[in-house]
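J.: What follows is a structure written as structure tokens; I'll ask about it next.
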Amino acid sequence: MVVPPLLRAVIMGPPGSGKGTVSARIIKHFGMKHLSSGDLLRDNMQKKTEVGILAKSYIDQGQLIPDDIMTQLMLNELKGLDRYNWLLDGFPRTVAQAEALDKECHIDTVIDLDVPFETIKCRLTARWIHPASGRVYNLEFSPPKVQTVLPESQELTFKIRTQGIDDITGEPLVQRDDDKPETVSKRLQAYDAQTKPVLEYYRKKGLLKSFSGTETNKIWPHIYAFLQTRLPDVSQKDAAIPR
């Protein structure tokens, strides 16, 4: 039996592009190991490893973590995955990181989720949470049963914006700072400025595969079809277009 070559992939996409959902589906259907820089950072900071403590010192000062620290963190983790197909998420974020990765690993493909920023803004700013339980609502896809807006004077008193109440407790929902329109715009602008050179780097190498659309469920079948040419579907679900 011929053993297919290992697939080393990177997934890129702005916050709110559906990257988490797509990554979960890729892992489920193609059995790839998922390595998220965000998850790895949080784990190292929680365990107070040397890299974790160093990374936290930059985050606490509101600074970006230097390329060499992020690269060291990710490459150390990849050493244990040399016999697996893997999917990198959140790394590389700069050309310097991409070049350092190239020296250690051969990247086969870069999946880019090309979702319009206006779509993402609508998606993220429609998200509200119940702080005590962590329940998440979306005013478009999964709204609370009761939707209300506090009068302006009340908003000033509470110092928070609310939209609707929790279905179970009846307590007011709040919007995270990260999901407020002005913050979302800044995050998207920062992502665009930081990652455009990385996308261009991979485009020149012929590795970039962009998938455009406004809905994850419509983008996913194209990603699935593309990956199916490289890897077998290892999931047990019998469906024409798996989800």
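Glycine is no exception: its Cβ is also placed from the backbone N, Cα and C atoms.
Keep in mind that TrEMBL annotations are predicted by a computer and have not been checked by a curator.
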J.: Quick one: which of 36-65, 66-95, 186-215 does TrEMBL have down as region 'NMPbind'?
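T.: Residues 36-65 are the ones TrEMBL records as region 'NMPbind'.
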J.: Could you check which of the binding-site residues Gln63, Ile65, Phe91, Arg93, Arg176 is the closest Cα neighbour of Gly16 (GTP binding site)?
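T.: Result for Gly16 (GTP binding site): the nearest of the binding-site residues is Arg176.
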J.: Taking only the residues in the domain 'Adenylate kinase active site lid' (127-148), give me the average pLDDT of this model.
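T.: Computed over the domain 'Adenylate kinase active site lid' (127-148), the mean pLDDT is 86 on the 0 to 100 scale.
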J.: Spatially, and counting Cα to Cα, which of the binding-site residues is closest to Phe91 (AMP binding site)? Options: Gly18, Gly20, Arg127, Tyr137.
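T.: Among Gly18, Gly20, Arg127, Tyr137, Gly20.
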J.: Is it possible to get the count of other C-beta atoms within 10 angstroms of the C-beta of Arg127 (GTP binding site)?
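T.: Taking every protein chain into account, the count is 21.
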J.: Since the record lists Ile65, Phe91, Arg176 as binding-site residues, which of them has the fewest other Cβ atoms within 10 Å of its Cβ?
T.: Arg176
J.: Let's check the environment of Gln63 (AMP binding site): how many other CB atoms sit within 10 Å of its CB?
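T.: Within a 10 Å radius of the Cβ of Gln63 (AMP binding site) lie 9 other Cβ atoms.
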